[in-house]
Amino acid sequence: LCSFLGLLYQEYRDKSTREEIETRRLQDSQTDPEETSPSEETPSEAEPTSTIENKTPPQINLLRNSNSRFNLWQDLPEVQSSGVLSILQPDEIKLQEAMFELVTSEASYYKSLNLLVSHFMENERLKKILHQSEAHILFSNVLDVMAVSERFLLDLEQRVEENIVISDVCDIVYQHTVNHFSVYITYVSNQTYQERAYKQLLQDKPAFREVITQLELDPKCKGLSFSSFLILPFQRITRLKLLVQNILKKVEEKSDRESTALDAHKELETVVKACNEGVRKMSRTEQMISIQKKLEFKIKSVPIISHSRWLLKQGELQQMNGPKTSRTLRTKKLFREIYLFLFNDLLVICRQIPGDKYQVFDSAPRGLLRVEELEDQGQSLANVFILRLLENADDREASYMLKASSQSEMKRWMISLAPNRRTKFVSFTSRLVDCPQIQCVHPYVAQQPDELSLELADVLNILDKTDDGWIFGERLHDQERGWFPSSMGEEILNPKIRAQNLKECFRVHKSDDSQRRKLGSRNRQ
């Protein structure tokens with residue numbers, strides 16, 4: 001099945017997102033976004049394809065000839081010869097392309113999954129090296145995921161074969177998401193253990209390392225790594241949501257197709273959130289246990305481990321000695337080190353002691369924290385802010401004057417400690433002024449809990465920025481917030497494009513406005 005497909009999903013996805021970036025650059029440089037031609041406005045993730053000859057399901061026959069170079073629905077010979085292109089409105093052609101893209105990308109994804117199973121998982125040498133439990137952690141329920149993709153693709157292809165003008169695909173997406181896509185949650189939740197097992201096997205078993213390297217060098221892998229195949233399901237379920245969003249932006253308002261697309265999007269969003277939660281839960285529990293072991297309480301002990309608690313930020317800051325009135329630059333020990341652990345509901349203030357331990361001397365609920373930036377008073381007081389605990393461990397108010405190592409570090413602490421504090425730019429969730437926007441041109445993997453991982457072509461509102469190269473942003477498609485280096489993106493300068501991005505975003509999330517607001521407030525936490 002799908003043996004004649006040209007591109008693996010990893011190549012396909014990369015090509016698609018880079019086209020999306022170039023399209024947005026082109027639009028951004030134009031004075032009037034309305035001038036953009038249909039092909040420019042609709043970057044396609046479409047796979048090389050050919051005329052569909054065999055009409056008999058369940059044979060997967062889409063995109064059979066890899067020598068053909070049909071990237072778009074409108075380039076299919078059957079579509080070209082039918083005359084429909086002269087009848088359909090330009091908006092309907094764009095919608096056809098968006099639906100066709102969802103189908104062709106699923107075919108490419110299925111091909112890559114098939115390779116993961118047939119080339120890696122079922123390799124006889126690898127089977128002999130791996131213990132059954134190791135193989136299970138490494139490959140998880142990938143066979144279930146592949147079976148779900150196959151069934152989904154068959155239904156999509158059958159729909160495409162019914163008529164050259166595709167009626168809808170979101171009804172099929174909805175049915176499969178509700179009934180079958182829970183396998184993705186199982187697979188993605190195992191990701192933390194999967195990554196750890198893979199690193200351990202590479203380290204402990206030279207024979208495993210040798211076989212994997214040989215398999216990766218096979219021409220059919222096209223230079224792609226084994227780990228890029230393992231992460232496919234998580235990438236696909238996230239991408240599928242974006243492809244449905246793309247359809248949703250193009251369907252006529254208040255139509256049946258809009259209603260179906262909204263339903264499909266809502267179900268996919270539920271699955272993606274459950275996947276994210278699954279990954280976080282695994283790593284958070286281990287992290288909390290590790291922190292608990294390092295803390296020694298000088299004050300009344302606070303139980304750290306809780307199912308509803310996780311770490312938001314930790315790190316060292318300089319605390320100014322003495323009351324505010326006794327500021328003097330003559331003392332050498334103007335500041336002393338303190339260490340903060342900030343959780344989603346609690347702040348713990350410590351001093352580091354020998355043996356990689358931390359002695360806790362104060363704490364406060366996160367909701368009772370206030371921060372205030374200190375006006376610049378010379379180099380020694382640069383990047384200084386005041387942290388107020390409205391009710392500390394002794395049930396009284398306390399203030400700390402804290403100095404960060406840089407402007408970005410100070411802002412990151414202030415936003416984490418008091419998330420509802422107003423940022424430099426207004427968030428789009430408030431539906432107020434035109435907000436600066438940026439599109440991601442380099443992928444970024446978050447290094448700290450308050451950072452945001454970015455995928456190519458992500459569009460974000462800029463909520464705050466620092467002079468030393470960091471941006472605090474809110475991604476439009478899921479309202480996730482976090483910090484990332486400004487070098488990862490390019491600012492969108494055309495106000496019409498920014499307005500269009502916001503309009504599309506509101507439309508995608510209009511089915512549950514209250515849920516969007518709730519989501520926004522939760523991500524600020």
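Placement of Cβ uses the backbone N, Cα and C atoms for every residue, glycine included.
Caution: TrEMBL annotation is automatic and unverified by curators.
Listed features, source TrEMBL:
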{"type": "REGION", "residues": "16-60", "note": "region 'Disordered'"}
{"type": "COMPBIAS", "residues": "16-27", "note": "compositional bias 'Basic and acidic residues'"}
{"type": "COMPBIAS", "residues": "31-44", "note": "compositional bias 'Acidic residues'"}
{"type": "DOMAIN", "residues": "94-278", "note": "domain 'DH'"}
{"type": "DOMAIN", "residues": "310-422", "note": "domain 'PH'"}
{"type": "DOMAIN", "residues": "433-494", "note": "domain 'SH3'"}
For this session: Pop the mean pLDDT for the domain 'PH' (310-422) in here, whole number is fine.
Result: 86
For this session: Determine how many residues of the compositional bias 'Basic and acidic residues' (16-27) DSSP places in helix, in strand and in coil.
Result: 12 helix, 0 strand, 0 coil
Problem set entry | DSSP-assigned states of the domain 'PH' (310-422) in counts, ordered helix, strand, coil | 20 helix, 53 strand, 40 coil
Problem set entry | Secondary structure tally of the domain 'SH3' (433-494) (DSSP, helix then strand then coil) | 3 helix, 29 strand, 30 coil
